[in-house]
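Peer 1: I'd like to ask you about the structure that follows.
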Amino acid sequence: MSNCIKTSKYNIVTFLPVNLFEQFQEVANTYFLFLLILQLIPQISSLSWFTTIVPLVLVLTITAVKDATDDYFRHKSDNQVNNRQSQVLISGVLQEEQWMNVRVGDIIKLENNQFVAADLLLLSSSEPHGLCYIETAELDGETNMKVRQAIPITAELGSTSQLARFDGEVICEPPNNKLDKFGGTLYWKENKYPLSNQNMLLRGCILRNTEWCFGLVIFAGPDTKLMQNSGRTKFKRTSIDRLMNTLVLWIFGFLVCMGVILAIGNAIWEHEVGVCFQIYLPWDEGVHSAFFSGFLSFWSYIIILNTVVPISLYVSVEVIRLGHSYFINWDKKMYCAKRRTPAEARTTTLNEELGQVEYIFSDKTGTLTQNIMVFSKCSVNGHSYGDVQDMLGHKAELGERPEPVDFSFNPLADPRFQFWDPSLLEAVKLGDLHVHEFFRLLSLCHTVMSEEKSEGELFYKAQSPDEGALVTAARNFGFVFRSRTPKTITVQELGQAITYQLLAILDFNNIRKRMSVIVRSPEGKIRLYCKGADTILLERLHPLNQDLTSITTDHLNEYAGEGLRTLVLAYRDLEESYYKDWSERLHRAGSAPEAREDHLARLYDEVEHDMMLLGATAIEDKLQQGVPETIAILTLANIKIWVLTGDKQETAVNIGYSCKMLTDDMTEVFVVTGHTVLEVREELRKAREKMMDASRSVCNGFYQEKLSSKLTSVLEAIAGEYALVINGHSLAHALEADMEVEFLETACACKAVICCRVTPLQKAQVVELVKKYKKAVTLAIGDGANDVSMIKTAHIGVGISGQEGIQAVLASDYSFSQFKFLQRLLLVHGRWSYLRMCKFLCYFFYKNFAFTMVHFWFGFFCGFSAQTVYDQYFITLYNIVYTSLPVLAMGVFDQDVPEQRSMEYPKLYEPGQLNLLFNKREFFICIAQGIYTSILMFFIPYGVFADATRDDGAQLADYQSFAVTVATSLVIVVSVQIGLDTGFWTAINHFFIWGSLAAYFAILFTMHSDGLFRMFPNQFRFVGNAQNTLAQPTVWLTIALTAVVCIVPVVAFRFLKLDLKPELSDTVRYTQLVRKKQKTQHRCMRHAGRAGSRRSGYAFSHQEGFGELIMSGKNMRLSSLALSSFAPRPSASWIDTLRKKKGCEGSSASSPGGAADKTLRV
């Protein structure tokens, strides 16, 4: 098997055919290619081929360049990796080889800080006992060092001559993607040796703190675990994309219907009328009947009317999305100066969906919290330490924190560590045996690596922040972990160096939820030290511990109630004879060819019984800055937040209270902890019944909430606020096929959901469940490798670049460094992106139907001959030049309210969740407006031209003059329309709108100029037509009339809607405008007022405004109804109410508020 990897898709030969094949799998591209083929058939084409091929080639070229650029970087990355140098042992000599030439069975030498080239079996290293240290950030996102060890029989092979004679055979599992497991056996010298993950160096790891090592290649290239895990990320599409595909199919159906109507008209006209004019209007060659003429006419009209779905639509959408992505990347308010990390949009296809999120699934540790662990409290032998105390030894009140404990007695103490209870240090100094044993356990029972760069300057590398915090605590209290070898651990206990013989490590995993070490003290005593979750350890204690267990459990509950992460510590003394017997059985289990993990688990479970309780630790994982405020605001935006965490229930619940997900005002918090299917079902049923009963009692049985089509159950209309907390073992039952709907209905009726003790797979299953049944947009946010599956499953994945590496960021669609930025990402960037995309699509479909339907009406007046109204150059340039830039500017820059108001009024987010701004109804409204405009655009000039004359008395009506008039009217009307649609004007909007109008007239006069006619007489035959037509006052009056009749109804409708049924964004804009007017007038009045009267200035500037009204929530209730249900409002206008309020104030106090009100009414 070759070690060459390939992530690129193309090469020089295959790029063009493969890329074109991929692009023409898009329905739109195939559709336009089909139209181009039709236009090449002379009998049916009434347009030149370049009207379609120019935009099609432009789109294909832009996409191809983008794909080629992406693939170039993939090639560059592949070449960089494949051409890395590696030292391979060939014929007893180390030779430099490229990674791509490494083969399975080769022996490779690695040196410090080098990447591992393939999955290797570690044979030997420069460290004693075949030990080596690696960093696995590329695999699992963890930046801490891990230790790997060669099996003893090969650890002695330190020279190339010895390794050249190595002829062992490895039989192992097939290639798979399990990073933490490996099973195999080495057969050598007629013996067999078991192999595990601890003997493997995986591709992607980096060798650290090890001078050199040798490894045997087991898996290479695509078979390595790194490549096995690099499966393709799911392709994500937005709901607007899916809706657009449906609408395009509908439009195509509408296009076919129009083609059929006009074809039938052509056949009838040719049969009834055209046959009489064969002398003057003979049929084309090959046309022998009216029916066949109608058939050809159908295809001709398909070509002419194809602009209802212009190819520029797809290009414009991608440009707008790219612009929105850059806005996210450039947002300084989402930049973390501490970590120098900006926000990053890692995809450009999901921006508008950020404005439609209904469910957020969040990890806890590192996402809501900082993942910087601090040893906060502990319980030792029934005594709790860690409460902050005042000078008299009493528990200090909040805000009365004294000086921290002084650790100056310990030269090896970590100066960054702080503890506030001096009694624990006193117990250490007084020689309390339980406290000594407590910290001895913390200094021995771990997998931390120690690095001493200079005398007394220790640096710990821990696999988890929890473990590092515990070892650091032991270090400061005098039990300093100094160093380790594979068989020993050296600890400096209160200044005295003691080396313990390390007999066994019973490592932690998600099933065991505990870790143990077995050590032999210098006195020869064998002792097992264990630390783990309370739910696991407390049931493994000796019966003599009952009283101490009761006290410690109370302490654990107290710690968990404060949101602290807890562990229980215990030990057990082992007899020499028992240990020898157990050790032999452990060795045999490790060598078992099958079910090795099960055998080892049983032996671990056997020895970890009848332990003596030492105490418990409590570690604080502080909330990130701004988390409670962010969750509160997102909740007001009707976004439901579910926390999926591996932490214990008490800790997760209290973090829920800390971050305001759970509040004391909630009606009830349901806790599901059942261990069987029946128990879980019953607990979920009781929760639903309580919610229904409460809802019925509140409503007195008479009120029934009107459910929208998205609600699957009456539960979602319940009164009151509820929360659901469910444990991992209960969730496993709840996610089964026959119960998942019950669980989902119960959970979705709750304001907050917390899932505790969940696995990475369960996180993804919960997200998938909501996606499957709710049809709502989901967002998953996390910071660790265990969140990757959840991030990839959700519609939108957000990675936080935190303490757990970059694995979550690499799998995400968006990334930033703090949870609080999620508020701005959704409420500002997401809402604006959704608003802009919806306005863009509405306008785009409107302008193209207004443009295209004129051909349809003209067909009834030209004998259905597929004659176009406009000249072919106008048809080509309409979507590319005349109307493309204004709508792009609106799609990129538009906003309804400023960003501050978006954050202040979370209810503004609801239209996106309810998909109100662009849906099938809005689409048909746009189409209706476009058709209405096209009718006026055709029939008003047609009616005028029927009898109009020039200034010299000549007939005004001719085909080219009519075409210029209609085209000019169209460009002016759609330009005015986009001016009305634009809510936020920038210099770019002005330049693009008025610049496009200017470009239209410049190109129009140029195409009808004498110079172009002389250069291309066959193409530009109508010299001076535009100049002559637009010189007639009648034409300009016609254009003005058309524009007024098209625009005035739209303006009137919008004014009526604003007055009778304003949306929340209208209300916010109005209040903002009133405030702005008031501030201006206040400033003027202060300048004109009496210089000596400070009191009047104070009273004047603090007159009653809209603050009370907004804070009262009255406007929120009205706006909420408007946004969520669009129920009819009372006839009294909301804006009138505001005006009356201000008018009353103005009349009673003659305040400038009244003036502001009068100004606004004008």
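Glycine is treated like the rest: Cβ placed from N, Cα and C.
According to TrEMBL, the record shows the following:
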DOMAIN    2-53  domain 'P-type ATPase N-terminal'
TRANSMEM  47-65  transmembrane segment
TRANSMEM  247-269  transmembrane segment
TRANSMEM  289-315  transmembrane segment
BINDING   Asp363, Lys364, Thr365, Glu467, Phe508, Lys531, Arg565, Thr645, Gly646, Asp647, Arg757, Lys763, Asn786, Asp787  ATP binding site
ACT_SITE  Asp363  active site, 4-aspartylphosphate intermediate
BINDING   Asp363, Thr365, Asp783, Asp787  Mg(2+) binding site
DOMAIN    809-1062  domain 'P-type ATPase C-terminal'
TRANSMEM  840-861  transmembrane segment
TRANSMEM  873-893  transmembrane segment
TRANSMEM  923-942  transmembrane segment
TRANSMEM  962-980  transmembrane segment
TRANSMEM  987-1007  transmembrane segment
TRANSMEM  1035-1056  transmembrane segment
REGION    1142-1162  region 'Disordered'
COMPBIAS  1146-1156  compositional bias 'Low complexity'
Peer 1: Which binding-site residues are spatial neighbours of Asp787 (Mg(2+) binding site) here, meaning Cα within 10 Å, out of Asp363, Thr365, Phe508, Arg565, Gly646, Arg757?
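Peer 2: Cα filter at 10 Å returns Asp363.
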Peer 1: For the transmembrane segment (289-315), which partner among 247-269, 840-861, 873-893, 923-942, 1035-1056 gives the most CB pairs under 8 Å?
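Peer 2: Between the candidates 247-269, 840-861, 873-893, 923-942, 1035-1056, the best contact partner of the transmembrane segment (289-315) is 247-269.
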Peer 1: Answer yes if the transmembrane segment (923-942) and the transmembrane segment (987-1007) have at least three CB pairs under 8 Å among residue pairs 6 or more apart in sequence, and no otherwise.
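Peer 2: Counting Cβ pairs under 8 Å (6 or more apart in sequence), the transmembrane segment (923-942) does not reach the transmembrane segment (987-1007), since there are fewer than 3.
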Peer 1: Which whole-number value in Å describes the distance between the Cα atoms of Gly646 (ATP binding site) and Asp783 (Mg(2+) binding site)?
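Peer 2: Per the Cα atoms, Gly646 (ATP binding site) and Asp783 (Mg(2+) binding site) stand 13 Å apart.
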Peer 1: Quick one: mean pLDDT on the domain 'P-type ATPase C-terminal' (809-1062)?
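Peer 2: It averages 90.
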Peer 1: Give the nonlocal contacts of the transmembrane segment (987-1007) in its own chain as ranges (CB under 8 Å, at least six residues past its ends).
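Peer 2: Distant contacts of the transmembrane segment (987-1007): 871, 873, 877, 881-886, 888-890, 893, 964, 967-968, 971-972, 975, 978-979, 1020, 1026-1027.
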Peer 1: Looking only at C-alpha atoms, tell me how far Thr365 (ATP binding site) is from Asp783 (Mg(2+) binding site), rounded to the nearest Å.
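Peer 2: Distance between the two Cα atoms comes out at 8 Å.
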Peer 1: Would you say which of the binding-site residues Thr365, Asn786 has the most Cβ atoms within 10 Å of its own Cβ?
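Peer 2: For the binding-site residues Thr365, Asn786, the Cβ with the most other Cβ atoms within 10 Å is Thr365.
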Peer 1: Please report the Cα separation of Phe508 (ATP binding site) and Asp783 (Mg(2+) binding site) in Å, rounded to an integer.
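Peer 2: For Phe508 (ATP binding site) versus Asp783 (Mg(2+) binding site), the Cα atoms are 21 Å apart.
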Peer 1: Looking at the binding-site residues Asp363, Arg565, Arg757, which ones sit with their CA no more than 10 Å from the CA of Asp783 (Mg(2+) binding site)?
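Peer 2: Checking each Cα against Asp783 (Mg(2+) binding site), the hits are Asp363.
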Peer 1: I need to check the long-range neighbours of the transmembrane segment (840-861): which residues 6 or more away from its ends have a CB within less than 8 Å of a CB in the stretch?
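Peer 2: For the transmembrane segment (840-861), the sequence-distant neighbours (Cβ-Cβ under 8 Å, at least 6 residues beyond its ends) are 240, 244, 247, 258, 262, 265, 301, 304-305, 307-310, 313, 316-317, 320, 867-870, 878-879, 883, 887, 890-891, 918, 922-923, 925-927, 929-931, 933-935, 937-939, 942, 966, 970, 973-974, 977-978, 981.
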Peer 1: May I ask which residues of the same chain, at least 6 positions away in sequence, place their Cβ under 8 angstroms from the Cβ of Asp363 (ATP binding site)?
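Peer 2: In sequence order, Val643, Leu644, Thr645, Lys763, Ile781, Gly782, Asp783, Gly784, Asn786, Asp787, Met790 meet the Cβ cut-off.
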Peer 1: On the DSSP side of things, how many residues of the domain 'P-type ATPase N-terminal' (2-53) fall into helix, strand and coil, could you say?
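Peer 2: Its residues fall into 26 helix, 1 strand, 25 coil.
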